[in-house]
Amino acid sequence: MAVKVLVVDDSGFFRRRVSEILSADSNIQVVGTATNGKEAIDQALALKPDVITMDYEMPMMDGITAVRHIMQRCPTPVLMFSSLTHEGARVTLDALDAGAVDFLPKNFEDISRNPEKVKQLLCEKVHSISRSNRRFSSYSAPAPQPASAPAPAPSSFASSRSPAPAPAPARAAAPAASANSPAPKRKAYKLVAIGTSTGGPVALQRVLTQLPANFPAPIVLIQHMPAAFTKAFAERLDKLCRISVKEAEDGDILRPGLALLAPGGKQMMVDGRGAVKILPGDERLNYKPCVDITFGSAAKSYSDKVLAVVLTGMGADGREGARLLKQGGSAVWAQDEASCVIYGMPMAIVKANLADAVYSLDDIGRHLVEACL
């Protein structure tokens, strides 16, 4: 069955070109278009599309406001179009936090020339996020909290640094995959490495806000994201978390209580001296940054002292790096299917029998504390 798509943009040219590109795929059907956020809400309710492509700047109602309304009234996977600027990064992160699943740079020059790469990427993203639909509503909703639990983490990125909530106590009924996983083994890890893609910005926020300021292990983060976005993303996480978060620079020293985010468009490696190396992005690799590259360097530098975590994302990036980590005796965790936006990267870990444990997203931060403190 074809994926039904609603295209939302105030530019007639962009609506037409996006519709043409998507309609050229026999497995995608453009069921409608809208010129502003208000129309998008009405069309989403009437047409019940599988995926919505959404611009940000529009008259009457902007894209982020529309996404919030759609998530409340008819939760639907949204693919945001954004500009590759610092402001575009801020807006895109706001949209992801409001409930959008993924994003694509909005480049009129590229889309007007209709290059094959743009067509392929757009269609791949639509197909990928359409598969998140069956569990999308439950993922978008705040995680349930016991009556005695501390206040939950804010649903949006904080505008200023504030104390993060204490890790929530274990719930009585966890997803089956989590319930069957062993309790984490306490160990003096020298590094925690977390890799993710689609759905990662929100997932990383949920995990990192549960870590205390005195978290004893250095952390490296690999999120598939363009170069213009990673600095803004690191700054946002830093304002929300009790640990410090920054975009990694060449020569940065790994230290407890600090998370270094791999810069977009480049590769990040760690060395045995406790520093990171930032290398140019290799055009032969699909991902810049690439989880496999960072995991592989960690396996070489830290042997059995790494705790790797693979979160939501499409594809299989991280699997080969995790294999090297396992060969060296390190531990690998995967996010469970029920809490993933896209169960791709974690599934690759599980299917390759590389996962020491499979945990629900809301439990991973707590388990990191248990394993490392």
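Placement of Cβ uses the backbone N, Cα and C atoms for every residue, glycine included.
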Of the residue ranges 90-135, 136-181, the one that Swiss-Prot records as region 'Disordered': 136-181
Cβ packing number for ASP55 (4-aspartylphosphate), 10 Å threshold: 25
By Cα-Cα distance, the member of recorded positions ASP55, HIS224, ASP317 nearest SER197 (active site): HIS224
Cα-Cα distance linking HIS224 (active site) and ASP317 (active site), given in Å to the nearest integer: 10
Pairwise Cα distance for HIS224 (active site)/ASP55 (4-aspartylphosphate) [Å, integer]: 21
Other CB atoms within 10 A, centred on HIS224 (active site): 23
